[in-house]
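Trainee: Can you keep this structure in mind? I'll have questions shortly.
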């Protein structure tokens with residue numbers, strides 16, 4: 001299958017580098033370069049970034065002072081910060097890009113309108129979707145799947161720090177084996193750590209494949225989408 005329109009999802013933590021917090025500009029530029037390689041090959045790209053490098057709603061609410069709903073809204077705002085940073089990095093590399101937010105912040109970015117997002121993609125612009133779904137209690141993984149379905153993406157790319165889905169944690173077990181392919185039902189049954197169950201269930205309902213790959217393997221995204229030779233696991 002030829003992938004003409006894709007949704008790339010990666011975590012906010014990926015932007016923070018070794019510090020674990022904030023935005024590492026070198027990593028930001030590297031990721032923007034990987035996205036640019038897709039655009040240069042006529043692949044339409046939407047992006048969803050998490051906000052964990054700034055704040056996580058669940059973590060913020062653990063002490064009881066901040067309510068979960070407020071914590072989640074704080075997390076949504078964090079994703080907008082990351083989206084604006086990615087916009088700047090892509091524009092620095094000469095890529096035309098728009099940020100659309102599920103929460104209205106008209107001085108900073110466009111509000112999310114799916115028809116407008118599709119029009120941007122058709123014109124060759126990258127669209128970075130911020131503020132998750134706009135609702136608390138939903139993860140950015142769920143937001144990524146929702147946006148992918150809405151814009152008619154051919155596939156979701158879940159870009160991580162590992163090469164794919166493993167039978168056990170590769171950071172803890174040296175004999176962990178990567179799975180080239182896994183069904184939606186298997187992913188839901190085993191509660192794989194790559195995406196949450198809500199996101200996987202939505203992908204299943206819409207027959208949307210999920211490619212899980214290592215975003216720090218340079219050139220891998222383009223290899224996967226254009227040359228069908230990259231390293232990944234596929235959930236379908």
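Just so you know, glycine gets a Cβ as well, placed from its N, Cα and C.
From Swiss-Prot, here are the annotated features:
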BINDING   9, 10, 11, 12, 52, 56, 160, 166, 169  ATP binding site
BINDING   51, 72, 133, 134, 135, 136, 137, 138, 139, 140  UMP binding site
REGION    17-22  region 'Involved in allosteric activation by GTP'
Trainee: Would you report the average pLDDT that the model assigns to the region 'Involved in allosteric activation by GTP' (17-22)?
Mentor: 86
Trainee: Compared by Cα position, which of the binding-site residues 133, 135, 137, 139 is the closest one to residue 52 (ATP binding site)?
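Mentor: Closest candidate to residue 52 (ATP binding site), judged by Cα separation, is 139.
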Trainee: Tell me, in order along the sequence, which binding-site residues from 9, 11, 160, 169 have their CA within 10 Å of residue 51 (UMP binding site).
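Mentor: For residue 51 (UMP binding site), the binding-site residues whose Cα atoms are within 10 Å come to 11.
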Trainee: Could you give the maximum C-alpha to C-alpha distance in Å for the residues 51, 72, 133, 134, 135, 136, 137, 138, 139, 140 that bind UMP per the record?
Mentor: 14
Trainee: Suppose we draw a 10 Å sphere around the Cβ of residue 169 (ATP binding site). How many other Cβ atoms does it contain, all chains included?
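Mentor: Taking all protein chains shown, residue 169 (ATP binding site) has 10 Cβ neighbours within 10 Å.
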Trainee: In Å, rounded, how far does the Cα of residue 133 (UMP binding site) sit from the Cα of residue 160 (ATP binding site)?
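Mentor: Approximately 21 Å lies between the Cα of residue 133 (UMP binding site) and that of residue 160 (ATP binding site).
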Trainee: Would you kindly give the Cα-Cα distance separating residue 137 (UMP binding site) and residue 9 (ATP binding site), rounded to the nearest Å?
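Mentor: Per the Cα atoms, residue 9 (ATP binding site) and residue 137 (UMP binding site) stand 18 Å apart.
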Trainee: Name the residues of the same chain, 6+ apart in sequence, whose Cβ is under 8 Å from the Cβ of residue 11 (ATP binding site)?
Mentor: 49, 50, 52, 53, 160
